[in-house]
Amino acid sequence: MNVGRVVQVIGVVVDVEFEPGKVPPIYNALKIRSEDQDTPTEVPINLTLEVAQHLGNNRVRAVAMSSTDGLVRGMKVVDTGAPITVPVGRPVLGRLLNVLGEPIDGKGPVESDHYYPIHRPAPPLEEQSTRAEILETGIKVIDLLVPFLKGGKIGLFGGAGVGKTVIVMELINNIAKQHGGISVFAGVGERTREGNDLYHEMKEAGVLDKTIMVFGQMNEPPGVRLRVGLTGLTMAEYFRDEEGQDVLLFIDNIFRFTQAGSEVSALLGRMPSAVGYQPTLATEMGQLQERITSTRKGSITSVQAVYVPADDLTDPAPATTFAHLDATVVLSRQIAELGIYPAVDPLDSTSRILDPHIVGEEHYQVARGVQRVLQRYKELQDIIAILGMDELSDEDKLIVARARKLQRFLSQPFTVAEAFTGRPGKYVPVKETIRGFKEILEGKHDDIPETCFYMAGTIDEVVERARELEGSA
């Protein structure tokens with residue numbers, strides 16, 4: 001057994017000295033337990049650390065995976081001889097776990113035959129899959145303008161309070177329930193309350209037995225928040241590689257992974273780079289993102305919420321994330337202020353598969369038509385603000401009227417937000433979405449007031465509302 005001693009504790013970073021020639025490699029897990037000590041400890045200690053740096057003179061610097069309260073210099077530290085390993089496979093389904101794969105749902109231990117280290121190489125290039133297929137979400141604005149790639153990576157970008165988590169919850173509700181496959185949810189540095197709500201919602205919906213939930217919330221040390229995404233990903237990889245499944249991986253929030261990396265980096269004494277972020281930002285992000293991929297055996301489709309500090313998309317954290325994604329859904333505060341939810345910016349959001357060869361000519365033309373009308377409306381807004389609507393040409397007046405209808409038709413009531421909106425959620429198939437927007441662009445509904453388009457599901461619902469409005473008049 002390889003045993004070292006604590007020589008220094010700085011917050012969540014612990015320096016440990018080992019005997020010459022017995023220094024553990026980077027990423028190895030170390031344990032500090034009360035029962036291993038020569039003298040009894042005041043509080044029971046069961047702490048896991050991960051080696052992050054070799055300092056020379058047989059010393060390593062390790063990052064703690066829980067609170068370092070009660071540690072004193074001279075304590076014995078045991079090298080486990082391997083990286084942090086977590087249980088994977090069928091016994092983990094339906095469980096709520098922490099970064100070390102330990103259950104936190106009070107349902108007893110996880111009995112699994114398979115354990116994987118959380119640090120694993122990405123699949124080699126020749127094993128990666130290149131097929132392109134659309135993943136239907138039932139959310140109109142996403143299916144039309146930002147179609148999701150099956151087995152791809154999707155990012156939801158937005159500042160504080162514009163609805164990232166609500167969209168993630170709705171996607172879990174729509175895709176995980178329809179999908180029937182396995183879903184993994186990694187809660188990285190977000191609110192414990194949201195995790196609790198999600199757990200109970202999944203339980204009530206009866207999809208918990210096909211879901212794994214891994215949490216490292218806001219109150220956890222940065223080491224946990226930095227590694228909990230890898231724990232969730234490792235569990236998803238098992239089902240992709242060993243069982244050939246199509247797995248859904250939800251990460252809320254990937255920015256907290258970067259933020260935790262920045263905290264750890266400062267504690268390790270690295271020189272900060274732009275805006276105070278860690279110099280290894282792109283490397284850390286790449287190591288995580290390159291593992292989230294589809295192979296010939298199975299796929300991982302990931303949906304990642306990305307917090308945008310101060311609504312600045314050029315901040316290094318969201319900017320680094322952009323490079324890895326197939327679809328970027330940008331949530332806009334201006335659209336949220338209009339009361340249009342989901343507050344997706346139809347002109348700023350992009351998808352790699354909005355291509356006539358993949359989604360079809362009709363879908364492509366309708367999507368581009370919607371964007372054209374909304375772009376023209378955006379250009380005309382300054383003129384309207386200064387001179388008023390009367391100064392516009394008849395053609396522009398028609399564009400403005402249609403754009404306002406399109407804008408409202410892009411809103412949709414969500415099942416997970418029923419308690420707040422009082423409206424039942426709507427799932428709209430892609431075909432219905434395309435038909436609805438095509439009819440608005442063709443001018444078939446120019447006579448319907450724009451209020452009828454707000455928070456509607458299909459175009460038939462809009463027409464029905466207009467009839468009711470006429471009847472009551």
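Positions of Cβ are set from backbone N, Cα and C atoms, glycine also.
Long-range Cβ contacts of A160 (ATP binding site) within its own chain (separation 6+, distance under 8 Å): Y307. Here Swiss-Prot flags G158, G159, A160, G161, V162, G163, K164, T165 as ATP binding site, drawing on sequence analysis.
Most Cβ neighbours within 10 Å among the binding-site residues G158, G159, G161, G163: this distinction goes to G158. Sitting within 8 Å of the Cβ centre of G158, G159, A160, G161, V162, G163, K164, T165, and not among those site residues for ATP, are the Cβ atoms of Y307, L331, A336.
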